[in-house]
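Take a look at the structure set out below.
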Amino acid sequence: MAVDSEGGEYAGKITGFVVLSCLIAATGGIIFGYDLGISGGLTSMESFLKEFFPEVYKKMKEETKTSNYCKFDSQLLTLFTSSLYIAGLIASFFSSPVTRAFGRKISILIGGTAILAGAAFGGASYNIYMLLLGRVLLGVGLGFTNQAVPLYLSEMALSKYRGSFNTGFQIFLKIGFIIATIINYCAVKIKGGWGWRISLAMAAAPAAILTIGAFFLPETPNSLIQQVNDHEKAKRMLQRIRGVDDVQVELNDLIQASGASKRVKHPLKNLLLRKYRPQLFMSIAIPFFQQATGINVIGFYAPVLFRTIGLAETASLLSATLLSFVGLGSTIASSLIVDKLGRRALFILGGILMFVTQMFIGAIMAAELGDHGELSKGFGILVLILTCVYVAAFSLSWGPLGWVVTSEIFPLEIRSAAQSINVATSLLFTFIIAQGFLAMLCHMKSGIFFFFGGWVALMTGFVYFFLPETKNIPIEKMEKIWGEHTFWKRFVPSNQDYEKSMIEKE
């Protein structure tokens with residue numbers, strides 16, 4: 001079906017070619033999820049702490065006067081986790097011009113290669129410097145893949161299935177997290193205490209799949225038009241990925257968007273224009289709020305958190321594995337309903353559930369867990385159940401949709417630049433939270449859950465008042481939603497002005 005002036009659907013269907021291409025690209029999510037899972041497991045693994053962070057190991061094993069909340073408080077330990085994200089933050093700004101000038105495929109290839117190198121350094125580390133260098137190389141890889149993969153998925157998918165396809169990145173992230181927690185659980189049992197090397201080095205497996213697969217990935221039609229302006233080649237690719245011959249309407253929109261893109265010489269500077277105010281705001285606010293949920297506290301430090309409340313080493317790693325399966329199931333559920341219920345409904349539902357569970361967890365830990373000792377078995381199980389509900393709520397909403405929405409709302413002329421802002425903001429606040437969490441846990445104690453719960457309440461209100469619905473709207477027709485929104489229409493042209501400007505461009 002052709003696209004009308006109000007932005008209906010393009011002709012096309014789901015093809016095996018698109019599914020396979022997107023599966024390879026979404027492998028970047030496995031790498032991101034694997035790192036989240038590995039980091040948290042390693043920071044609670046005694047053999048790893050003994051090798052690189054002996055002071056933390058001593059506090060955990062020998063000191064009885066140290067508060068439950070402060071046993072893992074070490075800036076060097078958090079630097080191990082967070083160095084990856086500051087490296088990714090810097091790399092994301094280099095990945096934007098590469099993605100724009102050379103295509104999404106090249107950025108994915110660069111990212112996969114850097115991650116391979118990082119995994120090699122991590123697995124072979126014999127001092128803290130090699131360990132941190134490996135983390136920096138992993139960060140460079142994630143800066144490129146996290147910038148390019150969501151764009152690739154959004155541009156390859158039909159608009160009515162775009163939400164489902166883009167949640168593939170988050171599904172693969174959850175799979176990577178599961179793989180990491182299982183490997184950590186097995187690695188901790190290896191005699192000789194060298195199992196952590198396997199945990200670090202195995203990041204090379206998904207990176208190899210992504211790097212080799214990137215050689216065979218087709219470039220998106222959007223990128224083909226933007227790079228070489230070969231309309232016939234783009235049309236053939238569009239026919240191949242849509243599975244139909246009648247793609248002229250969509251091709252015309254891509255050519256039109258590419259023309260507007262080529263007139264923009266400085267995309268980052270253009271983001272400051274008034275008409276792009278909503279996209280600039282969303283590219284900062286959504287990734288910020290995604291981190292302000294506190295999810296990476298669970299991702300990085302779930303085993304540490306469970307050890308804080310009194311679980312043993314293997315039990316804490318097993319509990320983290322349970323969380324990863326809960327997250328995967330909820331993300332799959334999100335992919336099945338996101339294009340039916342819409343983005344706003346899932347954002348708001350997830351926000352309410354996360355807020356309620358964080359309030360309960362904070363209250364239980366405040367009332368039942370002192371600075372010494374541990375929770376009773378009953379309350380420990382209750383905290384685990386509430387944490388599972390929290391992870392399920394995030395994985396249904398802000399987890400996948402934080403990537404879906406920010407990859408589909410940007411016009412082509414600013415898309416790579418805005419996505420780099422999105423990734424940089426996400427990595428910046430991931431770094432801040434990762435670097436500060438253990439100190440915050442030590443000083444705020446159970447209050448940290450009320451802190452993140454307050455942010456969840458704020459972000460749920462933000463979605464209700466400021467985020468328009470984007471489901472079923474073709475990616476090249478997305479501009480019109482801002483001119484129809486109660487708040488954002490003061491910054492962007494009305495729908496009538498938008499249509500007039502489209503006619504003038506032609």
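Note: Cβ is positioned from N, Cα and C throughout, glycine not excepted.
Annotated features in TrEMBL:
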| type | residues | note |
| --- | --- | --- |
| DOMAIN | 21-471 | domain 'Major facilitator superfamily (MFS) profile' |
| TRANSMEM | 12-34 | transmembrane segment |
| TRANSMEM | 76-94 | transmembrane segment |
| TRANSMEM | 106-126 | transmembrane segment |
| TRANSMEM | 132-153 | transmembrane segment |
| TRANSMEM | 165-188 | transmembrane segment |
| TRANSMEM | 194-217 | transmembrane segment |
| TRANSMEM | 280-302 | transmembrane segment |
| TRANSMEM | 314-338 | transmembrane segment |
| TRANSMEM | 345-367 | transmembrane segment |
| TRANSMEM | 379-401 | transmembrane segment |
| TRANSMEM | 421-441 | transmembrane segment |
| TRANSMEM | 447-467 | transmembrane segment |
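Confidence across the domain 'Major facilitator superfamily (MFS) profile' (21-471), taken as the mean pLDDT and rounded to a whole number, stands at 83.
Two recorded stretches are said to be in contact when at least 3 C-beta pairs lie under 8 angstroms, sequence spacing 6 or more; the transmembrane segment (345-367) and the transmembrane segment (447-467) meet this definition. For the transmembrane segment (12-34), the residues of the chain that approach it from at least six positions outside its boundaries are 104, 108, 111-112, 115, 141-142, 145-146, 148-149, 152-153, 156-158, 161, 165, 168-180, 202-203, 206-207, 209-210, 213-214, 216-218, 240-244, 247, 250, judged by C-beta separation under 8 angstroms. The stretches the transmembrane segment (165-188) and the transmembrane segment (76-94) do not meet in space: the count of Cβ pairs below 8 angstroms, excluding pairs fewer than 6 apart in sequence, stays at fewer than three.
Beyond the ends of the transmembrane segment (447-467), by six or more residues, the same chain brings 281-282, 285, 289, 292-294, 297, 343-344, 347-348, 351-352, 354-355, 358-359, 361-362, 365-366, 398, 405, 437, 440-441, 487-488 to within a C-beta distance below 8 angstroms of the stretch.
Cβ atoms under 8 Å from those of the transmembrane segment (106-126) belong to residues 25, 28, 31, 52, 91, 95, 98-99, 133-149, 152, 197-198, 200-204, 207-208, 210-211, 214-215, 217 of the same chain, restricted to positions at least 6 beyond its ends.
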